[in-house]
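These come from TrEMBL:
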- 131-240: domain 'CAAX prenyl protease 2/Lysostaphin resistance protein A-like' (DOMAIN)
- 21-40: transmembrane segment (TRANSMEM)
- 52-72: transmembrane segment (TRANSMEM)
- 92-112: transmembrane segment (TRANSMEM)
- 132-156: transmembrane segment (TRANSMEM)
- 177-196: transmembrane segment (TRANSMEM)
- 202-221: transmembrane segment (TRANSMEM)
- 228-247: transmembrane segment (TRANSMEM)
């Protein structure tokens, strides 16, 4: 009879990294392009269903990459692998940083648009039904912050940190440079993904600058606190303020 103790989630060797993040990101880009291509040809006919497919195409690969990385190549815990936890102080940090990010992007919109942009999907005249709740409240304000922070600040940013520290010198390991580089690279990727979902022109510039600032703000929170809670709250605050303004 073997006396070897079963391996628990606490002592499982972490093997996830950049390949997991790249695979999820690449699949998301391909699926989003495919859904957009189909939409230009009138399929599906329902605009609500097109929006649902667009969200699913973007989020399913990102969330799938996180879950696969954690369950198959990590500790099987989103808390231990990616820092998905909250402290009460995260509410304060998140509200403050989220408000600051929204104020900064408002200035960008005023400079480039000449006005504050409105947000939220519309399907002609507003009808306050289940689709409105799903696409105006649940998707952008709750689902997007959770899924995007898990992937970008959880999997991607931490993978970049692990890659940069793998063969780093003792001096580099104690410096802030790996964290700074990881935050910047993750923020650029985060902004680029959102820019791909625009029609180009000035919208692409505004979205690029805005999401870059969101990426830096939430990335700094994740790196300094060691958890995703504050960044998720900041992301919720940011998106929530956009939706609130559009409803006024």
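From the backbone N, Cα and C atoms, a Cβ is placed for every residue, glycine too.
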Contacting positions for the transmembrane segment (92-112) when only residues 6+ beyond its ends and CB under 8 Å are counted = 202, 205-206, 209-210, 213-214, 217-218, 221, 225, 229-238, 240-242
Leading stretch by Cβ pairs under 8 Å, where the reference is the transmembrane segment (202-221) and the options are 21-40, 52-72, 132-156, 228-247 = 228-247
Taking a Cβ cut-off under 8 Å, which residues six or more beyond the ends of the transmembrane segment (177-196) line up next to it in the same chain?
-> 25, 28-29, 32, 148, 152-153, 156-158, 160-161, 164-165, 168, 204, 207-209, 211-212, 214-216, 219-220, 223
The answer for the transmembrane segment (21-40), taking Cβ pairs under 8 Å and residues 6+ beyond its ends, is 50, 53-54, 57-62, 64-66, 69, 151, 155-156, 159, 189, 193, 196-197
